[in-house]
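Notes follow once the structure below has been shown.
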């Protein structure tokens, strides 16, 4: 049946009775596509039925269908003519892993971060009304994204301005990890109670005008629970003035179609609460939806994971951080770790079990994570905020206003710094060096390995003020427990002698610099592991003896490490030539990390090319 559907128009030619079969064929196709590894499987399987229903009822692209985050929208991509390109998802030159406006007219928004769909939907609905146009705006948002303050703030405004829109609340009790927070607990309560609630009396009349059976269903459910509580006083959606319908079975596609056909004609905003199962249709994915959120390569028939032949076991930077901070908490009872819904991704499963009273997951609320840390620091704790680089962008003001102004003792452990690869422009962490070094009091380090990461964490916990430690996606070397090297913040180290051209680099970029200069005796390499403050003493020494300096960073060239070096040399009155290498001033689409580094001119071969241009005798090859 799926072979006959290549557009929403094709979908509408099917009978309603055929839709469950189509949904299963879509799930089978999604499983096959995702079996290559690295793609979002479980979320897409869970959202398939509601996506089929939306496209069956609405008329995309005239009607706008928005997906929060967009990682669950694989069925949407297939139904809108991209089935033959699904093998290219997250590959260079291929489809995005999320929705992307420039990719298809059916993708209403470009997205990758959570909690943005409702504000976008509100803007579209208000633009529609201002221009006198007539189309439906439908936003699909998960219960995980609803923990974000931006989503709740948008919902508050939506209830105030009362624009016509449909909000499909996809409730699977998870984002990547299990959801946390009062809103999540409330949603679980709704699932247990199984009651339906309309927001205001006027909305009930509107429902009766459209469908008496639906209104009766809601009325019966309300009556059955009235002796327990007043639903309007408990349901936050109704309290905000948003009509609420649900919860309903998110895998009963026929019922979803029936409801959506009626709800889209109602005035004002309506929430349709659908309960889905993450990993729907695959027993192994349903049993472990956290792992199968984004699994490695697997056999779609059995779920057996592919084994990588040979090589040594890998040890991720995230695991290195998790192990270090778990051990650090034993040494310092003031250590407290906060994360915004990234327990697994940030390597904190072990910490959360070892130190449950010193661990807090605030949900998808980066701003709350940072300011909560500020409150802890004000009371003498030493909080560490474990967060991805691209997500820390969402809390810039909190870092500045709530932490830095009072020079509070907060450490930011910034994972996925630099290019992350397949997730593309929305997830690349290539701006943190620039925006963090612009904030007074914030000190910034970039370790070359797990040992330096441990040294920086310990130094930060023992020193006053805010610290930011950034490290990339990928693997590092395993270090023994108890490894705590003494590092003085703001000190560099010479790792290769040479005074002709000297390369300054830290973190991931240092790896490329060492490889590029390995067979070049006249080229020096400095581990510039601290970007703020710079090691001005060593910089002065290097600048005084070198013919040329080359800075390398996996950060935008604007305002980053290279800029810091140029500013410092200017202040010192030193006129040594400097070549700045970094990520160009443009967004980098999805591709492998190595490919993006190569095209950005910061990998080993690119550095050797620059060295040759500077007059260094560079043999062919690396």
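Heads up, the Cβ atoms here are built off N, Cα and C, so glycines get one too.
According to TrEMBL, the thiamine diphosphate binding site annotation covers 71, 112, 113, 114, 144, 145, 172, 366. In the shown protein chains, 25 other C-beta atoms lie within 10 A of the C-beta of residue 71 (thiamine diphosphate binding site).
Sequence annotations record features per position, and here TrEMBL assigns Mg(2+) binding site to 143, 172.
As annotated by TrEMBL, domain 'Transketolase-like pyrimidine-binding' applies to 315-479.
For the domain 'Transketolase-like pyrimidine-binding' (315-479), the model's pLDDT averages out at 96.
Taken residue by residue with DSSP, residue 145 (thiamine diphosphate binding site) is part of a helix. Annotated pair residue 112 (thiamine diphosphate binding site) and residue 143 (Mg(2+) binding site), C-alpha to C-alpha distance, rounded: 16 Å. Proximity of residue 366 (thiamine diphosphate binding site) to non-local residues of its own chain (separation of 6 or more, Cβ distance below 8 Å) is seen for 340, 387, 391, 392, 394, 395, 398, given in sequence order.
Here the Cα atom of residue 143 (Mg(2+) binding site) is found 7 Å from that of residue 172 (thiamine diphosphate binding site).
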